[in-house]
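Peer 1: One structure is given below, represented as structure tokens, and several questions about it will come after.
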């Protein structure tokens, strides 16, 4: 990390570790609620459940990394976070295009898997480039955000009140995510050597897990 942190017990970055754990817990709770409310035969059920497990895996390694920062835990945190970003792009594409064009979405899924494999290979075997990793994930996140914008516009023009609410929720998630991302880019010295911009980012995304599902 850029700054030293005050340890708490065995937690190297206690605020970020605890916030990561709460994000994982929120993802687990919403996964259980989703599985209880949505029938397995629903078209997007497998994709949404898979996304939940990918997210849970990422928050687990985020918690581990902020507990103990090593070369291995750092890579696992970064790579699993990239998988979440790319899976969110895939989920948006499934919801907007994939149900009508299954062949197209299969090709896109293969492309995303190849991109993730190449991304991990480059960072592992060539150079662990923080700048490249940031740009790649930000670009993928923008692509996913564009997909959510498209879905929100489609929902907005439907006449059902529930769909209008869902459209508002889509834009709320996008706006809140952008604000949280601003905390990370505005990295500064940790408050009391515990609470830094990265921790605030993780704290800010806890309610977004609920709103997203």
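Here the Cβ of each residue, glycine as well, is placed from N, Cα and C on the backbone.
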Peer 1: In TrEMBL, one of 44-64, 128-148 is tagged transmembrane segment. Which stretch would that be?
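Peer 2: Among 44-64, 128-148, the range TrEMBL annotates as transmembrane segment is 44-64.
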Peer 1: Same-chain Cβ contacts of the transmembrane segment (44-64) under 8 Å, 6 or more residues past its ends?
Peer 2: 16-17, 20-21, 23-24, 27-28, 30-31, 34-35, 38, 73, 76-77, 80-81, 83-84, 87-88, 90-91, 94-95, 98-99, 202, 209, 213
